[in-house]
Every structure is written in C-alpha cells, then in structure tokens.
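Taken from TrEMBL as is:
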BINDING   B:Cys74, B:Cys77, B:His78  heme c 1 binding site
DOMAIN    B:203-342  domain 'Cytochrome c'
BINDING   B:Cys227, B:Cys230, B:His231  heme c 2 binding site
Amino acid sequence: MKYTLLLFLATILLHSRTWAQSATISVTGEVTHPLQLSAADIAAMKKVTVQATDRDGKAHSYTGVPVADILQQAGVTMGAQLRGENMSKYLLVKSGDGYEVLFSLPELDAAFTDRVVILASQVDGQSLPEGKGPFRIVVPGEKKPARWIWEVTAMTVRFAKE
Amino acid sequence: MNKRWLLRWFGLAALLFTGSRWLPVPEPYVPVYPANFGNRLNIPADNPLTKEGVLLGRMLFYEPLLSANNKVSCGSCHQQQRAFTDGKKFSTGIDSIPTERNSMSLANLLWVRHFFWDGRAESLEQQALTPLTALHEMGQPLDISAAKLRRSQRYAALFNAAFGNSNITGDQIIKALAQFERTLISANAPYDHYLAGKYQLSPAAERGMQLFMNAPDPGKKIRGANCAHCHGSPKLYMELFHNNGLDSLPLDPGREKLTGLAADRGRFRIPTLRNIALTAPYMHDGRFGTLEEVLDHYSEHIIQSPSLSPVLRNTSNDMNGTSLKLSRSEQKDIIAFLHLLTDSTFINNSQFSNPFN
C-alpha cells in the first residue's frame, strides 16, 4: 500500500516535471479567454508567410500565426471592437530571457494596417535557430528588428494606466 | 468666556500633541535619482519608503544579532567599500561552508525586478529572507531574530517610529531592510557626469566607450564589443538572463534549476556594471579575478552550447569568429571606460555606512 502511494506520487512528480520542461505561451490580461498555448496548439493554427529583413540585412521568409489571430482567439477587443477606450490598450510580449516589447493594438489589427505581425515558427522553411525559437515575433517593414522578440513566453494585454 | 475657549483650545492642542506621540506617522523618504534612470520602481504597495524605516533598515543591515552566532550581518558579505560585495569567490556565513554563488553588488536595487543570480525573488522583501535564514549564511529563523531584537534596548523606539508599534516582527525586519536597500542609489560616477555633459572622456575611455556601445560588424569594418546590448542604459544593466558562454555543461544550471527549461541552462542575471572595478571577482561563481580576465573571456573563449545567448553567437570582429576577438589595446580601452563607472561618493556615503562604527 505504502509502495503504491509512493509510486503514485513519483509518477505525478515525473509528469509535472515533463510539463514544466515544455515551453508554452500564455495570453492573459484584458482577454475574455486566457490561453496557454502549447507548440501543438500553435501548429494547429492557420499560418501565413511574410517577407522581412533581419539584422543580417537579408530578406527572409517567415512563417507563423498572425498575432491578431491569437488575440482574437483570446477574446481581445480587435476589429469592430477596437474603438473608444479600447484604443488605450497595449500588448506586452515577453521573452524567456526577460526582454519585453510593446505593441499598440491597432498596429496588429487588419482593420488598421496591411502589415501582418506574426508569431513565427519558421524561417526560410526551417525551424528557427537555437536560441531564437521556438517562437519569435516578426514585424515586416520595421527598419530595426528590436521588436522581433525571440523565445516568446507570454503575451499580456493591458490598459495604459493614464 | 474667552478664557474658557482658550482653555478648550489648549486642551485640544495638548491632546493632539500627546496623540501624535502615541501614533507616530513616519515621514515619507523620497529617493533622489537622475531622470534618465526612469521611474519603473519596484516598491511593494505595503512597504513604502519612510525616513524612519530606512534608518531602522540601516541599523538592521549592520546588526550581527540577526545571525545565529551574533557575528554576521548583511554588511559582512556586502561591504560598502567594495560596492557592497565581499571580494570573495563565494562568501562564508556563520560556519565555514561557502555559499553557492558570488555575493552580488547592491546598487540601484530600487529598479530591479528579479533578485539573485537566477532572478528567483521578485522583491527585496522576498530576497532578504534567504541570507537571513539560510543554514550557512546568517542561519537564524526570523522569529528568533525578532525575539533577540526585543531583548535589546536599542530597537523598541526605532520599530515604533518606523511601523507605529514596537511589536518587532520578522515581517518588520524584512521590510525595514528592504527599505534601506532601496536607498542605495549610485548615480554619481564619472560616466553619469559624462551623460550630463559635465565630463570630458580621455581618448582611451572614449575609444573604450565606442567599443562598449557598438556591435561588431566586420563586413562593414565596424569594431565593437557589444557590451551595451545587455549592460547598456544609464543604469548599466538590463533585466535579462543570458548564458554568456562560460561552460558547455555548467556545474551550476542557473535559471534552469528554477524553470526546468533547457533554454535556461547556464543562464544568469545580467549584473550591473556600476562600480565594476570594485566588485571582483566576477561571474556567478567568481571565476575571474580581474577585468582583464573577463575581457579575455569575451574576446577569446566563448563556449558554444545550445543555450548560449544569441547575442554572443557569431558575434565577432573577425569574419566567422565565435568570440569577440578584440585586440589587447581595445581590451585596455574598454577597461579604461569601465573604471569611469566607479562611483566614489556611493562607497563613501555616510548614509549607507555602518552606524555602529
């Protein structure tokens, strides 16, 4: 009986460790449906491919999920709802290394801009290189890729405080 | 009639006077810092800075009664003359068993959001708990520390002034310590004067600063050390965790121990470079005794591994180089610049010194 209990506890412990070791992306804050996206969840979403120039000065094609689609899925006020007080909301994206970058919601919304900011999982048909994956924001047309935040772990939508 | 009113007023004034003695209101402590440090301060709502809290915190910081053998205080491993480090690879507390990591410099903690080399504490209140109670550091449970302070003549009035009662609890000890540490602001180095347009750099320091700020691009013949990528900004650190290529299989897994993520292997907090010339030895394990050794590491010995910072991958002044490949004189210039980050008023500020001396 004692051993069964121990075995049971050990199994739980092992499993929780496995969960802890796979990276996920949380989508929280001013959302109606908080999300905890696994790699499999993101793989199942509709992908687009955009052309963009990285710090190396060369154009690459990046494939991933439009950030707007992720926000829609979480119930963020996009599209027709992006008006009034919702115009003072922002998206803060966080990396596993602690880096943070900010977008205003209209920058990400197809009703406002033709530029499609994506959560990329591939570059030129390959997985992202070590250290920059598994998911990286790509902002086509931006001259400096400082907002191309790599190793994305969290997206938080908030109201600006003042 | 007039006399009666006068007496009433007198009575009321007396009541207010004694009332204020029984219910002391601590005075807010307003930290002073340059505007370019920004206002993203990390002060918990339940522990605002007060003059009385800071004063008490300073006493407690240097109080050996908070250790199990009455010999060790926070100030033992965080010495002001060394920008609040202790000059050792690893510190020793109440016994001879060394700590697992190098003692960190305490400067500009008011802005820090993740404490310890692995960033596991999100406030100074949380952080202080470890050195106070860890078995081989100060090694004393908070309730025993509080009981010892209650027995001392010194503290009842100080706690009363800071917290409105003289219960003396572990929570109050932690809060006062955190308040004092938040006042350890270093903003008066020659580099700060340079940023304010009041200091002329020497040619060597000027060259060193350019290398410090620039990323190398051998294709465009731009020489650089890219230090600013992680140590930029007037505060000279960023709230980041990177693996800086010390080992392929690190003995100390760093942040991985916390998160269980392979990407966090060998990742540590980016430490501040403020007062860096005073805080040897360097790195989380104090493996480098001098700044020359640190520059040699980045220049020649970046070890590749799956969790190596992308900022240090293929970042070199040589085409296809895997380390920075700085010349000897470039390394010297960078070190000349690093010496301008030493804030001598910070290490001599009498507000931060041991009040028992």
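Just so you know, the numbers here start at 1 and follow the chain as drawn.
Any Cβ shown, glycine's included, is placed from N, Cα and C.
Note that this is a predicted model, so its numbers are computed, not measured.
Features recorded in TrEMBL, as mapped to the structure shown.
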residue  : record                : Cβ contacts under 8 Å, 6 or more apart
B:Cys74  : heme c 1 binding site : B:Leu60, B:Phe61, B:Tyr62, B:Leu66, B:Ala128, B:Pro131, B:Met138, B:Leu177
B:Cys77  : heme c 1 binding site : B:Thr85, B:Asp86, B:Lys88, B:Ser91, B:Gly93, B:Thr99, B:Ser103, B:Pro131, B:Glu137
B:His78  : heme c 1 binding site : B:Phe61, B:Phe84, B:Thr85, B:Asp86, B:Ser103, B:Ser105, B:Leu106
B:Cys227 : heme c 2 binding site : B:Leu211, B:Phe212, B:Met213, B:Leu273, B:Ile334
B:Cys230 : heme c 2 binding site : B:Tyr237, B:Met238, B:Leu240, B:His242, B:Ile270, B:Val311
B:His231 : heme c 2 binding site : B:Phe212, B:Tyr237, B:Met238, B:Ile270, B:Thr272, B:Leu273
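Those same-chain residues not listed among B:Cys74, B:Cys77, B:His78 yet with C-beta within 8 angstroms of the centroid of the heme c 1 site C-beta atoms are B:Phe61, B:Ser73, B:Gly75, B:Ser76, B:Gln79, B:Phe84, B:Asp86, B:Ser91, B:Ser103, B:Leu106, B:Pro131.
B:Cys230 (heme c 2 binding site) falls within a helical segment according to DSSP. Note: the heme c 2 site is recorded as B:Cys227, B:Cys230, B:His231; in the same chain, B:Phe212, B:Asn226, B:Ala228, B:His229, B:Gly232, B:Leu236, B:Tyr237, B:Met238, B:Ile270, B:Leu273 also have Cβ atoms within 8 Å of that site's Cβ centroid. Residue counts for the domain 'Cytochrome c' (B:203-342) under DSSP, split into helix (H, G, I), strand (E, B) and coil, are 55 helix, 10 strand, 75 coil.
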